[in-house]
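**Q** What follows is a structure written as structure tokens; I'll ask about it next.
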Amino acid sequence: MPEGAWSCSDCRAGKKPHYKQIVWVKLGNYRWWPAEICNPRLVPSNIQSLRHDIGDFPVFFFGSHDYYWINQGRVFPYVENDKNFVTGQININKTFKKALEEAARRFQELKAQRESREALEQERNSRKPPPYKFIKSNKPVGKVQMHVADLSEIQRCNCRPSDDHPCSLNSQCLNRMLQYECHPQVCPAGDSCENQCFSKRLYAETEVVKTDDRGWGLKTNQVLRKGDFVTEYVGEVIDSEECQQRIKRAQENHDRVIDAGPKGNSSRFINHSCSPNCETQKWTVNGDVRIGLFALCDIEADTELTFNYNMHCVGNRRTTCNCGSDNCSGFLGVQPTSAVVMEKEEKARNAKLKPKKRKLRLEGKHAHEYFCFCCGEGGELVMCDRKDCPKAYHLLCLNLTKPPYGRWECPWHDCSVCGVPASSLCDFCPRSFCREHEVGALTPSSLEGRPCCSSHNPVSPLDSNSSSTQLRHSALSPVRVKEELEPEPGKPATE
């Protein structure tokens, strides 16, 4: 037993029970009994008048059809197929058997209602993009200042009005080479200048479309040539302080960021790709820095536009990439395969030109696994910060509603029985054991003798029958439904 006060993983994560939830209830010396949490306003008046404390809520017992007020400490979530745990038991009275059947039917009914609502919401969302406020130009937020240059400070190019397409992509315009947009009052080419795409909003014809597996995207309705200006990335310009308030973990060191989430233009729908057909460029327009998207290659009409987000993983979360490119890295923020090869080749060439230096090993750097250690699926993962531990998990598999902040170590390193640092680990799930509880807990498996716990078959420990769903509740949440053989609960309150 844990010493002192102890809280389960749901309470530590701030997870609360909710109305119309099926739960197991422990009442006095009676066995755990299936019940449904009720809204206090919807129970009979005599039940409402019963004495209860703040935080208590009424439950409806299946089988006996009684009501009672209970608190969170005496309930445990019911999960699918929980009624099967009594299979093979004897001395199960009729009322409890009836309660199990009613709870299973009600659970499936509520599950069907929830899935129907989710399908309806998904179908509604698929008709149009998520709402946002359209803006034509960047909007500063908070303390951010937008820079406006004096005309005397704006760089002047050497183009002439008589040139063919002055200041164009194929010209020798100095401003274009330095990624400066010409100013209409300063450029010697005057009205013939073709380097004012940002100011004049000379965007390509595009259309927001629904993709098969990446939500909404943006496609071009016209042919684009390599180097053509596609559109400007427009949104709210925020500083690091505002960024931290929005995403709670920014580390930009006073850099400015353009956030096109709540406000922006159609560029906010452009998806990521490890083999993009567009790229972002920083241009100076009238003294201020703006972001434009330019074609990396010739693009045919009716083609989806993409660019590489070049995200850096902040904290210990990682998001799956679904771009489908041949060189896809698998996760946002991870370099594509071809880029890695090119980087290695470039380093090899540079090494021949420079004297060799002794490389220092960076401590604490290690690669993480791409799949959840509990369920084996990919997706958005939380990664262990312990040195040399490659394990990663889904938030749901950890029974967490929010990602952990700061340094976090996964449950694989703590004893599943008492929570103290573990000395023996199961190689196939997060269960682990301290020296006191490791005797007989692990068995050598057929896979190179790797240790496995009782949740796996030593002959085939990777078999899907070793349910990862069961592991989430057994390894990461020590509370279990007790199988006692006491009689049914009395009728503490009747209608």
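Glycine is treated like the rest: Cβ placed from N, Cα and C.
The compositional bias 'Basic and acidic residues' feature in TrEMBL is assigned to 114-126. Annotated compositional bias 'Polar residues' per TrEMBL: 454-472, in sequence order. TrEMBL lists 152-202 with the feature domain 'AWS'. The domain 'SET' annotation in TrEMBL covers 204-310. Look at TrEMBL and you will find 317-333 tagged as domain 'Post-SET'. For 369-416, the entry in TrEMBL reads domain 'PHD-type'. Summarising the annotation, TrEMBL assigns region 'Disordered' to 114-135, 447-495.
How buried are these features, and what lies next to them?
**A** Using a Cβ-Cβ cut-off under 8 Å and counting only residues 6 or more beyond its ends in the same chain, the compositional bias 'Basic and acidic residues' (114-126) has close neighbours at 210.
For the domain 'SET' (204-310), the model gives a mean pLDDT of 82.
Long-range neighbours of the domain 'Post-SET' (317-333) within the same chain, counting only residues 6 or more positions beyond its ends whose Cβ lies under 8 Å from a Cβ of the stretch, are 213-214, 271-275, 306, 309-311, 339, 368, 370, 378-383, 392, 403.
Across the domain 'PHD-type' (369-416), DSSP helix (H, G, I), strand (E, B) and coil residues number 6 helix, 6 strand, 36 coil.
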